[in-house]
Amino acid sequence: MASSQSLKLPSLNNAEIPVHVIHTEENQIQKPAVDELDYSQRGQWLRAAVLGANDGLVSVASLMMGVSSVKEDVKAVIVVGFAGLVAGACSMAIGEFVSVCTQRDVEIAQMKREKRKGSSKSDENDEKLPNPVQAAVASALAFAIGAVVPLLAAAFIRQHKVRMAVVVAVASVALVVFGVVGALLGGTPMVKSSARVLVGGWMAMGTTFGLTKLIGSDHGMQF
């Protein structure tokens, strides 16, 4: 707040002239610090969303590349990819549900112990409890979104080699996008995050393609 003081200055005729000097607080109005985003609060849902989409994309693209190494029929590739989408989404949902239920049980047990000691704020703690159903649905949906990308890329391409090239190209672009989105939401370096996701996806697709082709060739399996 501003405060005023009176100073008396001498004049030419020795009369004192009162002068009011207004003192203001240093930096009268200080801008509040910009609230920084608490990225740690996004950890659970961000992890489920990014991992789900990335797993769906890499898993189904790798399956399709593996089948394409020994089978040129587009129908077989699409059927295998669709089966991978359904199985993966169910697996992600069940795994996330069980994991979050376990975490919820642990937190409830901790709340009961704190309540017995009289140091628990039940209303606030109840709001922080994780929702297993919500986590399961989010994981399954994220997996399906990622898995549908290579399926759509290969669905309308009849030529075998062109189809494989398109699947790899589209999957690579999608992996970079997922890496960038995850970095932006999580506040991490975009280049590092995107490169890590992209290289991991390439390794998965290349390994699946190579091993499937190796098994199919050496053992003379008929597909």
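Here, residue 1 is simply the first one shown, and the rest follow in order.
Here the Cβ of each residue, glycine as well, is placed from N, Cα and C on the backbone.
As written in TrEMBL, here are the features:
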type: TRANSMEM; residues: 45-64; note: transmembrane segment
type: TRANSMEM; residues: 76-94; note: transmembrane segment
type: TRANSMEM; residues: 135-157; note: transmembrane segment
type: TRANSMEM; residues: 164-185; note: transmembrane segment
type: TRANSMEM; residues: 197-216; note: transmembrane segment
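Residues of the same chain lying 6 or more positions beyond the ends of the transmembrane segment (135-157) and with a Cβ under 8 Å from any Cβ of it are 44-45, 48-61, 64, 74, 77-78, 81-82, 84-85, 88-90, 92-97, 99-100, 163, 166-167, 170-171, 174, 178. Panel annotation: around the transmembrane segment (197-216), residues 54, 57-59, 61-63, 65-70, 168, 171-172, 175-176, 178-179, 182, 223 of the same chain, lying at least six beyond its termini, place a Cβ under 8 Å from a Cβ of the stretch.
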